[in-house]
Amino acid sequence: MKDIFNFFEKPKDPLSFSAIRISLASPDKIRQWSHGEVKKPETINYRTFKPERDGLFCAKIFGPVKDYECNCGKYKRMKHRGVVCEKCGVEVIQSKVRRERLGHITLATPVAHIWFLKSLPSRIGNLLDITLKDLEKVLYCESYIVIDPKETTFQRGELLSEDRYQKALDEFGDDAFSAGMGGEAVLGLLRGVGPASKEHGEGIPGLANELRAEMKEATSDAKRKKIAKRLKVVEAFVASGNKPEWMMLEVIPVIPPDLRPLVPLDGGRFATSDLNDLYRRVINRNNRLKRLQELNAPDIIIRNEKRMLQEAVDALFDNGRRGKTITGPNKRPLKSLSDMLKGKQGRFRQNLLGKRVDYSGRSVIVVGPELKLHQCGLPKIMALELFKPFIYNKLEEKGYVTTIKSAKKMVEKERPEVWDILDEVIREHPVLLNRAPTLHRLGIQAFEPVLIEGKAIQLHPLVCTAFNADFDGDQMAVHVPLSIEAQMEARVLMMSTNNILSPAHGKPIIVPSQDIVLGIYYMTRERAFARGEGKVFASPEEVRAAYDQGEVDLQAKVWVRMDGKRVETTVGRVLLYDIVPRRLSFESINKVMDKKQLQGLIDLTYRLCGEKETVLLADRVRSMGYGNATRAGISIALDNMVIPRKKVDLLERATREVDDIQAQYTEGLITIGERYNKVIDIWAQVTEEVAQEMMGEIGTETAVGTGKDGKREERRQPSFNPIYIMADSGARGSAQQIRQLAGMRGLMAKPSGEIIETPITANFREGLNVLQYFISTHGARKGLADTALKTANSGYLTRRLVDVAQDAIITEYDCGAMDGITLGALVEGGEIIEPMGERILGRVALDDMLDPFSGNVLVKANEEIDEGKVKLIENAGIDKVKIRSVLTCQARRGICVECYGRDLARGRKVNIGEAVGVIAAQSIGEPGTQLTMRTFHIGGAASRRAEQSTIENRNAGLIKFNNVSVAKKRDGTLIVMNRNGEIIVTDDQGRERERYGVVYGAKLLVREGQKVEANQLLAEWDPYSMPIITEVAGRVKYGDLVDGVTISEQVDEITGLARKAVIASKDPDARPRISIKDEEGRTKKLANSDADARYMLPEGANLVVNDGDEVDAGDVIAKMPRETTKTKDITGGLPRVAELFEARKPKEHAVISEIDGVVAFGKDTKGKRKVVITPEVDSKLRPDLAKEYLIGKGKHISVHTGDRVRAGEALMDGAANPHDILRVLGEKELARWLVDEVQEVYRLQGVKINDKHIETIVRQMLRRVRIVDVGDTEFLADEQVEKFAFEEENERVLKAGGRAAQGEPLLLGITKASLSTESFISASSFQETTKVLTEAAISGKVDYLRGLKENVIMGRLVPAGTGLGAYKHLDIEVETPVDAVEEAEEALAVGAEE
């Protein structure tokens, strides 16, 4: 008994246990733990407030209420310790035992434990092979169950209704068979669980053998699955040594009374824990049942009482899981034992994972513009309170006081000595500042406190970005690290000066913003005709002197001699160069410094000069920036919003164009969808043009002054318009916002996300009219509503990510992986979105990288690719690089240093023990929240680019076609007839410069081998609809196109013209199609294949030709409208990221080809079309290896007869299904796809995240394997196992000469992956607590406490960073200063003698 409680006491040595096991408690075990039986439902006597004997608070069972004092008062004080009072039976001991002693209730009848009964799948039901419904009938006394059929025809476990049971008794006699109802019956069945025939053995192991045998014989898949499910439960019992009958409770433990307290309120009432009510209910019903049984009451009454007891115990363990929720007097559901653990307010998340911290305070923050980067201003009153113990200690040490009490008085009086001592205590003692919400690790940083008057904490302005803090009333919390170790960690790891780079992307996060940027930008700008323009100076010092004397203006253009060269620059830039480290060249700042340039400057300084210089530079830049922003005296006036003169003309032109399109629509040339899209494009275009005009007018001005010859002259120069300056420098605002102030607001979106086609032509300076204002409110309101919802969503995403990745820790130096991934530049639509250099920076090379021309080794295998190496690789023209990656790391637990590469926040290789999983989760989750909050800043102005409908090349060169098949029209234009064709532009040497995919139906404007200039149009197509094009000339013949059945003639209300569109038909065999016939009426064949020229029409296609029309090759016969574009917002973004990480199957996912091959169409079946893909082997088609795919009729198939497809290519329109990609293309391809998809969402928002973070999460999602063939291993078919467990088991079997199991990789979503982790503590504190614990208890799981979360919950140091096991056993040798001094003296003496 004592042992179990040592577990709850604070372990003296944190290593007192290394693993934790959970299993079922047997009735004997419960009695062994217990200190006595609770027999009465009474709690305490309301008059004396003493606990009632044998009641729920009984002192005899649970211990004394007051320390060392028995209940009746006979024994008091320490001297009687350990005595048991003979009068009241209470042991004289500390009262805290009331927190740890258990009692028990012996039940009059066994009851089922609701977790094992109702938690799906029902464990008791599974084991007995009875459905849950039947089981409940038995337990809640509604039916009898046969326990032992003996000689009768009944089956064991068969249900009998009351009538049937009575009949059977009459028929067979009383002793012919045994049947029962209620808990006893089920207990009997559980005790007798075993195989049907004796050949397999006895009991549970026998049952397992029998099921195994059945599984081998089972033919149908469903049956196999069912047996496997049951076998899993049975195996768990075999392995864990739990007995099935322990799932029924005969004894219930009663938790210690101080954990379910009863507190007297004033007014004679009591506040009580709900558990007491639940226990009272159980005891009452139990006692009543005992009494009824002693009285031999009628069966029906006893049965009812048993049912009620079962219900009471159910409510105690998990209220509301079955039947009505039991409520207290105030109609509130009572909190049961399960509810104590579950959810955000449960034990796990409220008290174990998040605790309140002593030695902490919070206050409003204000800016501290003169602090150094490593400092924060701490209010004196606050510091006095936080550092009290230290002050008391120092006061005693210095002899000001002798006792703690007098020290306390002295501090309360705030005597002058106290302040001096406070200064001393605080020196070199860092404090932690935290701003909620803490979204990434930079939300808590350490600073050295500086004492200040006032009550607000002062925060350094440069760390605001990391905290996402502003000074509009934000509050921050202060925490004091107490122990020397904690202070060390705060100083070395968490000091703000050690966190210059962001862990998410490795660029500086301590970056000047707002006013500072404004000031530096202002001082590095050049102004025409400024005082002292054109002067020549011999040194920067002279410039400074001239500026101080007022001889030259800050923005005057001057010549200065720098490092022996004459440089053209401005006064401001020379002054700026004064504060920059000397290792940086003057070129690096001799330009207009905006926010981007400043970030680059900080980055460069960090790389070249190291951390210390960077910190000094940051502080100097801050001071200089604030100073110059003040001197600049920038303000905003109405006249600064310049409305472009051309605006009126542009609007008139747009209105005319819109009218034209309306006319075309009225004549029936275009569809309603095309009209809408075109109108929206016109307005989007005009808004852009107005904005450009406005930026042109705001951004430049004419300066007038006297030239060298004294004549008046004019010069154009970038404007000094304050609004323009703010946006251009990156200090505040964006072109997007200025456009709304002075251009036109443009298109707005409805709440549904569609764009309203009438734009707001006014801007805020002109003011909006009522209608425009009303349209605006849509967007603004949606923005606010979104924000509220998204913040919660994003927080939840982060929580799931952290949970899945919490045990990804760097555990070893090199795992010896021979495999890696290949990275190149990220290209989209012919544009390089992310150059290769950025993607490979800080990674480790897999193989030697050779220069393609000279053959020299540029980077050795397993060497880190740093900035210098990236330059080498780029200059050598290498475009694909093999690097090591987290995805291919072979470390058994965790990840190795080499596969991870650079620690982005430190700029060097990662340390062993770094919790890279959590960092990855935070890096992905943090911008999620930021983005969600960022929706409404533009006020819902619809930003959407005109659809791309052309291809232009960027470089001059030669045209090459790759896999492009064309149809030539009569007029000689070429129309592209297949999907995955590409146009390649090569240079003279034939090296590929750019590559563009061409859309089906595009018109080619160039020929193979043609020379093209830069920016020439190569191809164009209709962006609003996808055409269906005929490849042969002939006459159109409709097939299955029946009006009102498969097509509908829609008469457009506005134009009065009819249009034919294909609709979904009720007839499953109808196949709407268009065939092309020749003169004789035979269907024509397609060129170079023997397939017929028949075109199936998907739902929604608009017919362009009529029955009997003559068509030419390359003509459009039908159009598929593309969806009207919605605005892209992270709204699409956050759910998209979540669905990618959850690995959800998209609703209408595309069918993809599993092999390379040639497309043909087979016979249609059941309203589905059959696509057959035949592989080529040695350039011969092999129909025997062909794969067939059925695609629903309404879907648009994007391949055509004779197309060559690659494995993994989509055969129809639709979203890709990650599980298919994994199955067909393998893990690496899937990982690449996931990384690209996630990155795309963030890139749209301009958020940078390093690929390796996403890879880390994907690695955690791919940890498992599904067993396909068990071989001779212990696994079950279809079981999911960890990859490494799978490999180990296979090695073991192969060594023994058996057959290894076969598995296929499995992609789990992050929630599933978190719940299937090895650690049950971690999984249960994440979600579905009861389910996880139920499963763990049955299989007697052992948690080896390897992850971070389990250790936090158990109250131990986390096994990462400084908490790594390796650091716990270090021997530290301390050299005493005395020895050192003596040694030094000796050395000096010897030196003197010599």
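Placement of Cβ uses the backbone N, Cα and C atoms for every residue, glycine included.
Now, the feature entries from Swiss-Prot:
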BINDING   Cys70, Cys72, Cys85, Cys88  Zn(2+) 1 binding site
BINDING   Asp470, Asp472, Asp474  Mg(2+) binding site
BINDING   Cys815, Cys889, Cys896, Cys899  Zn(2+) 2 binding site
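Recorded features from Swiss-Prot, shown on the structure.
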residue : record                : DSSP class
Cys70   : Zn(2+) 1 binding site : coil
Cys85   : Zn(2+) 1 binding site : coil
Asp470  : Mg(2+) binding site   : coil
Cys815  : Zn(2+) 2 binding site : coil
Cys889  : Zn(2+) 2 binding site : coil
Cys896  : Zn(2+) 2 binding site : strand
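Geometry remark: Cys85 (Zn(2+) 1 binding site) versus Asp474 (Mg(2+) binding site), CA distance 59 Å. The binding-site residues shown are Cys815, Cys889, Cys896, Cys899; of these, the one with its CA atom nearest the CA of Cys88 (Zn(2+) 1 binding site) is Cys896. Closest to Cys70 (Zn(2+) 1 binding site) by Cα-Cα distance, out of the binding-site residues Asp470, Asp472, Asp474, Cys815, Cys889, is Asp474. Report note: the Zn(2+) 1 site is defined by Cys70, Cys72, Cys85, Cys88, and the residues of the same chain whose CB lies within 8 Å of the CB centroid of those residues, excluding them, are Ala59, Asn71, Gly73, Lys74, Tyr75, Lys87, Gly89, Val90. Listed in chain order, the residues near the Zn(2+) 2 site other than Cys815, Cys889, Cys896, Cys899 are Glu812, Asp814, Ala817, Arg884, Val886, Thr888, Gln890, Ala891, Ile895, Val897, Glu898, Tyr900, each with its Cβ within 8 Å of the site Cβ centroid.
Close to the recorded Mg(2+) site, the chain also has Ile365, Ala469, Phe471, Gly473: residues not among Asp470, Asp472, Asp474 whose Cβ is within 8 Å of the site's Cβ mean position. For the binding-site residues Cys72, Cys85, Cys889, Cys896, the greatest number of Cβ atoms within 10 Å around a candidate Cβ is found at Cys889.
Of all the binding-site residues in the record (Asp470, Asp474, Cys889), the one with the smallest CA separation from Cys72 (Zn(2+) 1 binding site) is Asp474.
Around Asp470 (Mg(2+) binding site), the same-chain residues at least 6 positions away in sequence with a Cβ under 8 Å from its Cβ are Cys464. Listed binding-site residues: Cys88, Cys815, Cys899; maximum Cβ neighbour count within 10 Å falls on Cys899. Here the Cβ of Asp472 (Mg(2+) binding site) has 5 other Cβ atoms within 10 Å, regardless of which shown protein chain they belong to. Here the binding-site residues are Cys70, Asp474, and the one ringed by the most other CB atoms within 10 angstroms is Cys70.
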